[in-house]
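Engineer: Here's a structure for you.
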Amino acid sequence: MSGPRPVRAPRGSALTALGWQQEAALRMLQNNLDPEVAEHPDKLVVYGGTGKAARDWRSFDAMVRTLQTLKQDETMLVQSGRPVGVMQTHEWAPRVLIANSNLVGDWANWEEFRRLEALGLTMYGQMTAGSWIYIGTQGILQGTYETFAAVAAKKFGGTLAGTITLTAGLGGMGGAQPLAVTMNDGVAICIDVDPRAIERRIEHRYLDVKADSPEHALQLAVEARDARRPLSIGLLGNAAELLPRMLAESAPIDIVTDQTSAHDPLAYLPLGVDFDDMAGLAAEKPADFTRRARESMARHVEAMVGFMDAGAEVFDYGNSIRGEARLAGYDRAFDFPGFVPAYIRPLFCEGKGPFRWAALSGEASDIHKTDKAMLELFPENESLHRWIRMAGERVHFQGLPARICWLGYGERDKAGERFNDMVASGELAAPLAIGRDHLDCGSVASPYRETEAMLDGSDAIADWPLLNAMVNVASGASWVSLHHGGGVGMGRSIHAGQVSVADGTKLAGEKIRRVLTNDPGMGVIRHVDAGYDIAENVAADQGVRVPMTEGN
């Protein structure tokens, strides 16, 4: 069958390909488009505005067909969501190499990208959409949870109880915000223009209730705040209208951030445009739509700055809304920081980042067993134990059961090897796909997000994600990806990802040990090179070799 159709990854231990590395890539590609997982599966859009798993349905079918027949010493090459070749390599090489959305510098902008996309020559891969390791909203949940925990520690005595957070965006990424806030015992008002997004987050248990109006939302929020009761509230509307209104009315807001699809102006609803007319207007008049969207973002960001001036804790959550507002002429757009320099960079210095794994069996029990193994492996990691317990109780699986937790250098390899042993012993029903977000300690160059305000000024140096991709290829990852524009939009980021399959074999164990040591090791090295003392101490303690620090 050609064209849109429901897609669901196979379950169980029976192979539909010639080996588990190929089978894992096949299942994770299909899982990205599972209706439980993808935001708009009929359009091949997984998350992040227009982040796709395949360029078109013909390309999707060709990738499925190729993966089913790919040999153990062959590698499929994917160019922006289309399979363009199969090469004979060797068993240590990745089974798939992926390059998505990459453009030469002077051409790296949305206008040129859209021209090429209209010609059928490229696609937007976001981060984990085109690299086939998206696991639904859980994929960003712990990072969002840890960010709000850091806000609580910095400003509110270690808890968000008794506070109200105001934010917008309830898509695949932003949908993690309400649960992340309530996991920290706070109250959240979450705005979105799409009623379906609000309903989907309630259905998946990330969002508690929907308010009838801004006044109703504030009433619910204040009641819950005063009772120190966690609550997340969905509010239908345009943040560019509602935030200025709430600011003018002196709404009692303690924290403000945003996760709308501001990275792509065509995915941000301008003031004065009905949501139902959005797609048509964006397609018919993209330049005018972009101008109006940026003007609306400027109003949105101006209100965020206003809340900051009034005493709220305000931060950019990495969607480039400050950059877009500045393009619209708002001079104070960068008065508040991004979340990485404000809260996350010390973790990056330790090689910590979003480690994730998916049960290819489709059995939730496999994830529960790996949860138990994680608690046994790291008995003294209190934050990990708290997270695993909360995730087990509150996280709804989308598609293949999966788990995410932030692990650092010297931890990821231990977890991966333990998982491989569990597959080998038969404790798990089938192999695991072990990967991560491209948002990681050593795999991104993104001056508006992961590498904002680097100590040595190296925000825009893009050698690091390229080195990261090459290191993962050399170390034996099952598939490796190199993308452009994820998270913050065209011209603003280069980033790499890897997935390694734990199939229980000795070879898989050797690969996993190398990949899951070297991949986070790149984060330590990158931050040592930038002059961070924490990273230098980790490198010294853990034996990470950095030639420029040797022989001094």
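Using the three backbone atoms N, Cα and C, a Cβ is placed for every residue, glycine included.
According to Swiss-Prot, the record shows the following:
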{"type": "ACT_SITE", "residues": "C405", "note": "active site"}
{"type": "BINDING", "residues": "48-49, Q126, 172-174, D192, 238-239, 259-263, 268-269, Y317, G487", "note": "NAD(+) binding site"}
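Neighbours and distances for these, please.
Structural biologist: For C405 (active site), the Cβ neighbour count at a 10 Å cut-off comes to 22, with all displayed protein chains included. Secondary structure from DSSP puts C405 (active site) in a beta strand.
Look at Q259 (NAD(+) binding site): DSSP puts it in coil.
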Engineer: Need the DSSP three-state call for L269 (NAD(+) binding site) to compare against my parser.
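Structural biologist: Assignment for L269 (NAD(+) binding site) reads coil.
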Engineer: Fill in the CA-CA distance, C405 (active site) to G172 (NAD(+) binding site), as an integer in Å.
Structural biologist: 18
Engineer: So of G48, G172, which of the binding-site residues has the fewest other Cβ atoms within 10 Å around its own Cβ?
Structural biologist: G48
Engineer: What are the non-local neighbours of L269 (NAD(+) binding site), defined as same-chain residues 6+ apart in sequence with CB under 8 A from its CB?
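Structural biologist: In sequence order, V193, N238, A240, F275, M278, A293, S296 meet the Cβ cut-off.
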Engineer: Would you mind checking how many other C-beta atoms are within 10 angstroms of the C-beta on A262 (NAD(+) binding site)?
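Structural biologist: I get 31 for this one.
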